[in-house]
Every structure is written in C-alpha cells, then in structure tokens.
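Visitor: According to Swiss-Prot, the active site, nucleophile annotation covers C601, on the basis of sequence analysis. The annotation active site, proton acceptor is assigned in Swiss-Prot to H871. Positions annotated as Zn(2+) 2 binding site by Swiss-Prot, on the basis of similarity to another entry: C799, C802, H825, H833. Taken from Swiss-Prot, the feature domain 'CAP-Gly 1' applies to 153-198, supported by sequence analysis. Residues annotated as domain 'CAP-Gly 2' in Swiss-Prot, with sequence analysis given as evidence: 253-286. For 492-535, the entry in Swiss-Prot reads domain 'CAP-Gly 3', with the evidence type sequence analysis. The phosphoserine annotation in Swiss-Prot covers S387, S418, S422 and is backed by similarity to another entry. The feature region 'Interaction with TRAF2' is assigned by Swiss-Prot to 394-469.
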Amino acid sequence: MSSGLWSQDKVTSPYWEERVFYLLLQECSVTDKQTQKLLKVPKGSIGQYIQDRSVGHSRIPSAKGKKNRIGLKILEQPHAVLFVDEKDVVEINEKFTELLLAITNCEERFSLFKNRNRLSKGLQIDVGCPVKVQLRSGEEKFPGVVRFRGPLLAERTVSGIFFGVELLEEGRGQGFTDGVYQGKQLFQCDEDCGVFVALDKLELIEDDDTALESDYAGPGDTMQVELPPLEINSRVSLKVGETIESGTVIFCDVLPGKESLGYFVGVDMDNPIGNWDGRFDGVQLCSFACVESTILLHINDIIPALSESVTQERRPPKLAFMSRGVGDKGSSSHNKPKATGSTSDPGNRNRSELFYTLNGSSVDSQPQSKSKNTWYIDEVAEDPAKSLTEISTDFDRSSPPLQPPPVNSLSTENRFHSLPFSLTKMPNTNGSIGHSPLSLSAQSVMEELNTAPVQESPPLAMPPGNSHGLEVGSLAEVKENPPFYGVIRWIGQPPGLNEVLAGLELEDECAGCTDGTFRGTRYFTCALKKALFVKLKSCRPDSRFASLQPVSNQIERCNSLAFGGYLSEVVEENTPPKMEKEGLEIMIGKKKGIQGHYNSCYLDSTLFCLFAFSSVLDTVLLRPKEKNDVEYYSETQELLRTEIVNPLRIYGYVCATKIMKLRKILEKVEAASGFTSEEKDPEEFLNILFHHILRVEPLLKIRSAGQKVQDCYFYQIFMEKNEKVGVPTIQQLLEWSFINSNLKFAEAPSCLIIQMPRFGKDFKLFKKIFPSLELNITDLLEDTPRQCRICGGLAMYECRECYDDPDISAGKIKQFCKTCNTQVHLHPKRLNHKYNPVSLPKDLPDWDWRHGCIPCQNMELFAVLCIETSHYVAFVKYGKDDSAWLFFDSMADRDGGQNGFNIPQVTPCPEVGEYLKMSLEDLHSLDSRRIQGCARRLLCDAYMCMYQSPTMSLYK
C-alpha cells in the first residue's frame, strides 16, 4: 500500500478537519521524516478526512493514470497525517466511527467492520437493552443490561462509544467496576457487577432468546412484544409452581406512566392468592379488587383459558413464573389454603400470618395463637402466640398485607410465604433504583411502608442482653423442622419495630427470601432467596459447631470442625504436577487452589507459584532428615508434601486448615513471629521455611567483584529509576542490576526467584514491567564461554563502561574477543574505558570456540507473584503456549461474614498471551486501565518472577 507521512507535528495549521472518516483496508508502512523510523499504521485504523487550506481540498491530483490520494489524520496517532490511495480506504459514517473507535485492537475492529449486520445492530443498543457480554475470549457470554452508552473520555475530535453493562445471573461478581470510571459515576450497580466494553464484546439479545426483558426492560425498550388486551370477565389461568391456578379478568390495561411496559392484567383468583387492592401509584384502576384474592401481573404471564389446553402457556414467558417467587422448584407440591368460609371472607382472613421476609412486604400486629410464621420463630418454649411481632402504631391498617400461597417445603405450621411477583430491585437507566414491572403492583400496596429510599444501612450494635453471644459473622441456626442454617450478616432494629432482628444469609436458597433487603431497605447483600430476617432471640449458635461457639480467635477457629465443608485430602503418593489440558481441568474453578484465611494470601500465593505447575523445588519435599535438622523438620516436610503439594496437584484444592498448620510451625522458629495472624512478605516466609526449618541448599550463589561467593534464595533488584525507560523487561532489569553492582552467578541456578525493584509494597519503580518468558543468563555467569558482541566468536574481555553505549548492541552486556575489543576501544570516546578479562574455564582452548556455536544458558518463566494494596495473587504457566496462564486468588470470594470462609479461585487468563506479544513501545503507550482481564495485574503489580532451568533442574 502506497502512502506518505506528511508530518508528526500538529496539523491544525495547514489543514481544515472535516467530520468525514475513513477506515484503512490495508496496512500502511511509512517513515517518520524526523526520526527516520518506520511506522506501521495497521489495517483497521481510522482516519479523519483533512482539507488543504491552500488548495481547498485534500484529494491530491496524481500522475496521469493514477488514482487520487486522500489526506487523513489517523485518530489513534493524532499528530500523523497520511496520504493514501482511494482504493485502500473506505468511507464510514460518524456513528459507525464512534462504535469502531472504542475497539483498540485494529484487527478485531476490522473484523467487526466486515460484519455489517452486527455493526448495524450496534446502533440499536441503548440504555436498557438486554445483551450478552464476552468478558474473555473462549469463555461463555454473560447476560447483562446496558446501563450506560457513550464516550469514557471526551478528549478527541471524535470519541469511541463504550457500553457500561450491569452483569446479571451467573455474571454477577465477574466484572470490575460498580459503574465508576476514573472517579466519575457513569452508572450504578453492585461492586464487581459492571463492565465497560466496546461493541465487539457485546451481543444484542433478540426476542427469541431473551430471558431478561420482562424484569429488565428499559423505558424505551423496543423488544417488548405486547399481547392484545384480554376481555373483562374472560377466564384465565397462571402457573403457580407445578400447578395451574384459575381466575377471572377484572382489569386489563397499561399502567399510568408505565405505558412502555405493555399491558398488565388484574385477575380475581378462584383461590385466595392475591396482593392487589386495585390501585397503582395512588390511582384507583379497578373497583372490584379484593386484596386477598386479586393479583396484578404482566400479560405475558397470563394463560388465556380458551380451551382444554389451558395447561399450555400462550407463549413462553420472558421469565418463568417460578423465578418471580411464587414457589420453589425444589418443592414437590404446593398446598393451597382451603376456601372455607373463614378464609374466603376478607373480614376473617388472618392478617398476622405474614410478617415480611421480602423487600416491600408488610407486618400486622394481630397475633394468632395457631399461626406461627417462619419469620418469627422464637425460643422453643415460647408461647406461639407471642411469636408474632408488634408494629408501630403509625402503621396504616387500611393497607392489607400480601398473602401469597404457602410452600410445603417447610413444616405444616410454619410455612414460608412466597410472593407471586418479583421484588428484585434494578437500577433504572439514570442509575436510580427502580422496580421491575411485576414489582410495581406490590409497590402500590406498600406505598405507606416504603417511603424510605433503598440504601445500604449500617449495622446496629447488638443489645448487651443477648445471652448466646451471637454477633455479625456468627454461624447461627433458626429452630425449624428442618432448621435453617446461615451466617448473621446484620443485627439491628428497623424503623417502626420494637424487636431486634437478625439478618441471616442462609446456606441454601429458600422461597420467599430476599437478597438482603427488608421492607424496601437494604441491610446487606447476598444471593437472591438467601436473606432471612428473624427475631434475634429466635437464633441459636449453629449446633453443628457447638464446641466453637462463640468464636473470636481466628487462629483457633481454623480447624477441621469449623471448616468441615472445606476440608481437603491427604495424599501420601508423590505426585508430579499435571501440565497442559490435564492440569487445566484439575485446577480451574471456584474452591480451587489454596484457601486463604486470616492474612494468609502472601503464603498461599507463594506456595501456589512454587508447586502448582513446577517440580523444580520438589527435592525440598524428599530430602531425608539429617542429624542437624530441627526437631520439626519431618513434620514440616510431611505436611508440605502430603497435605499441601500433592493434594494441590491431584485435586486442585488445599484447605486453609493445612496452611494454618504450617503457619504454626513457622511460629516455632525463634527469629519468627506473627506468622499465624499478621501480613508478611513472601521473602520473609521463604527465608524462615527454607533456611531455618528445611535447610534447603541456597538456590543462588552470587559473587561480587571477585569477592567471596554469597548464598541466597532469591535476588532483589536494586537500581535507580531510569526515566528514559518506559517498560523494562526482566532481562534488562537483571542485567542492569548485575552490571551496576558488578555481580556474577558463581553457578548456573536451577531456580531463580527475582524480586522486582520497588520501595516497600506500595511504591513501584516502574508502572509496568514486561515479564520475559525466557531469561538468558549466559552473560551473567562466571567461568562460562560467552559470545563476542560483534563477531560472535569467543569473548575474552568485558567492558562495563560500554554497556550504555547505544552504538554497539544497545541494551546488551558488552563483551568482545581480542580483535574486536581493540577495534572498539580505538574510538576516541572509548579510549579511557577500563575493561576486564572474561572469566573462562582454565582448560578451554581459544580455538575450540572460535568458529563454534557457544551454548546459551536459558531459564523459563513459570510463575509471577503479584501484589496490589497488600493482597498477594499469583499467575502461573500451565503449558508451553504463551497464552497458557492461570490466575489464582486465595480470597476471591467469601462465604459468610466475619466468621465466614474465603473461597479460593483459579481462572484461565489467555488474554495475557496477547499482551506479551506486544512491543514495549505499544505496551508503554497503553493506558493501564484499558488492559483487559487479569493481565493488568501481571504487567503492573509484579512482585516476584520465578524462573526455572529445564536442564539444571535435572542436576540440582
């Protein structure tokens, strides 16, 4: 492709810029006239059409027979002006330009450009649209809803359009934002439930495959398919669990102010299933509604009873009715209240049966001696009549309670009530908290109760009279048949109640439970159908762990009884690491890796790096005990081998109790303290374990300027910051450090652990460091043949002062043969250099290497230990491919509160390979915040890089 680079200076002076854009169809190679460097403008780059002020247009007439050329300002390189042939570009409109410009990878951008259908659909994606998001290549797409559409940074003539998406369902917790970008709130969602992505990562969910619209439709949702209105008095049915309930239509219309949501239907049910009083937002829509037998639902959830096939749905509903809380799929059946005179008469209905568990539900003050609800299960000996709560006198008694059908998954007298609509909150397009269409009907009933905005409420202190010692984070149970087990996440007294409640996160889902909200206010956050609010006095310490209650000591708590659900295996048989696909299948997933507990991440991540996919240090696990070893040598070695390393390699998981055993052993060392509770550094752990307990042969032997050899287990890079260097490689850092300190390896190491240059945990010398996949240490070894930097022959002299000379192999250690050394130092600027002879084996004749191939000593990167804000994580390589990387976090998730459990996780991160293929210049210019997935932590937060020698590990 022919093109010319006009200038690297700003072009605003000689040119007019027009809002016309072109996309390059071929790669363009041009020369910078200032630096004479070859620049590449890849296929898929976008340029803005510029107009020559003097000529009046930028289509430069070419020689006869040649096509015109177009002047473009490349948007990714705003100071570069190119002139390209018309045949090598295609004009694109501004809206497409904005969508494509957000895709930083030109190859992926060009691929999307060719998919015109998908690109056109991108114009339709707006706030409120249901989408699928591709977070990582090769993985499944997660469902979500667009909450933001627009540029992230409006700093250019034209900016790329990004989409802020709230991830739903299985995608929750897989994101990286709560809607904030560079300190600016662009939308609102829960932490780590949002992402900002370009169009290439999005797929608009069509009508046929959406399962989200009815609960997540935006105000301008064009996907909503409306059914024709149903006639008043027509018979209809709806599905409740596994059964069909019937009723008569008394209302069918759109809701005032919510017309875009489509038709809603009010149904007078044959059985007492209902919650609607005929009002919406204070407007009386229907005068025939009986609160306890009338229900308001979206028309998509109604089955017209036109024939005997009423059991078949008119069309597949957008969301299964069960998912809105009518019942629990785990229930075998649903018992319905009998339509007796006492229950069918509204005046005789028991209004106290239901104190709410659900967000937006209500309470009544009339206690009933024979009705005991799960919500208020008090002490076993307590009078059931006292088990119902009292509410404040200002409660609007004219607002009837919601009375859904009970579910028989609980005992007969203590049924859990589940409402036949969703009360799940969802952020509106403006970021405020709204409700799905089906929750709007409940809102009208509860408008008196839900006047307070939904917000995170701080936990209130537990009253001192609590005899059980329960607190936030305690494992508790609620006596039922069967009992409920969970972790107390909140304790306090909600407004309008004179009872202290406990909010529990249950172990298992239960119909009727929420995600942490009570009466419209959020007190904590958990998975849907897992939050239960009960009287605090109804709670008891979890009887399954009676010996551990109450527990305040996190060290003593870390035992096999408390961690009963997280225990790992003991494996006696020596097990080499499984690599490639086999290792991947064993290791990836949640509850994989090493479980973290109580500031153990430094130790978890270090052990995972050293042993998960490398056997270079397996000799540490096998050396027999010697006379001079400490008394707990065998105990430590056996623990490491059979309870940590072998189970990790076979099952991919190690419980925190095993690590606590090791931490207690580390505490026995006289020079050590705080290993069971405090945050430590990996180097401190390695020093105590390797030197004081296992007496491991030092991994490194280093000599400084001919002095005595020094032994160590890892090498810390010390150096001053070089402002000229953008992104250094590990190879460069190691060579710089050795040259400046005049160091050499006395022996080739089998394992090389390099600590990155930084001042403390927080201050990094470089914003990014490129982890060299292969490390050539040949020039850093003493008594080793080395190549002349000029002719490739046997080097006899090394010159440290030539190291920074850019004219001779810039950035390389300078060693020369006799002839080349003389020639190099004849130059006037090198006349005063002091060079030294290279240390060579004494029995090595010069001529044996003069024309031969001098072997290199290379080491392979097998793991990187990273730290960010005092939390250590690990990257390990499980195969030969550059993309064969796994990311490990010992505390990736949490089960329960303060006395809960960390859930470790290992995830593949193939995106790392793409960044390791980038040039250092491209990596330097790349905004760290734009680095996808886990790769940012690898490139920006490296703390230790671990290398192994495939050959030397056979001998050491």
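Positions of Cβ are set from backbone N, Cα and C atoms, glycine also.
Please go over these features one by one and say how buried each is and what sits next to it.
Guide: Applying an 8 A CB threshold to same-chain residues 6+ apart, the list for C601 (active site, nucleophile) reads H871, Y872, V873, S890, M891.
Neighbour density for H871 (active site, proton acceptor): within 10 A of its CB lie 18 other CB atoms from the protein chains shown.
H833 (Zn(2+) 2 binding site) is surrounded by 16 other CB atoms, counting those within 10 A of its CB over all protein chains shown.
Each residue in the domain 'CAP-Gly 1' (153-198) has a pLDDT score, and their mean in this model is 82.
Here the domain 'CAP-Gly 3' (492-535) has, by DSSP, the following mix of helix, strand and coil residues: 0 helix, 18 strand, 26 coil.
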Visitor: What number of additional C-beta atoms lies within 10 angstroms of the C-beta atom of C799 (Zn(2+) 2 binding site)?
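Guide: Its Cβ shell of radius 10 Å holds 21 other Cβ atoms.
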Visitor: Counting only residues 6+ apart in the same chain, whose Cβ is under 8 Å from the Cβ of C802 (Zn(2+) 2 binding site)?
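Guide: Same-chain residues close to C802 (Zn(2+) 2 binding site) (Cβ under 8 Å, separated by 6 or more) are I808, K814, V824, R830, H833, Y835.
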Visitor: Counting by DSSP secondary structure, give me helix, strand and coil numbers for the domain 'CAP-Gly 2' (253-286).
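Guide: Split by secondary structure, the domain 'CAP-Gly 2' (253-286) comes out as 3 helix, 14 strand, 17 coil.
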Visitor: So if I measure Cβ to Cβ from H825 (Zn(2+) 2 binding site) and keep only same-chain residues at least 6 apart in sequence, which ones fall under 8 Å?
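Guide: Looking at Cβ-Cβ distances below 8 Å from H825 (Zn(2+) 2 binding site), excluding near sequence neighbours, one finds C799, L831, H833, Y835.
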Visitor: Within the same chain, and leaving aside C799, C802, H825, H833, name every residue whose CB is within 8 angstroms of the centroid of the CB atoms belonging to the recorded Zn(2+) 2 site, in sequence order.
Guide: E801, D805, K814, N821, V824, R830, K834, Y835
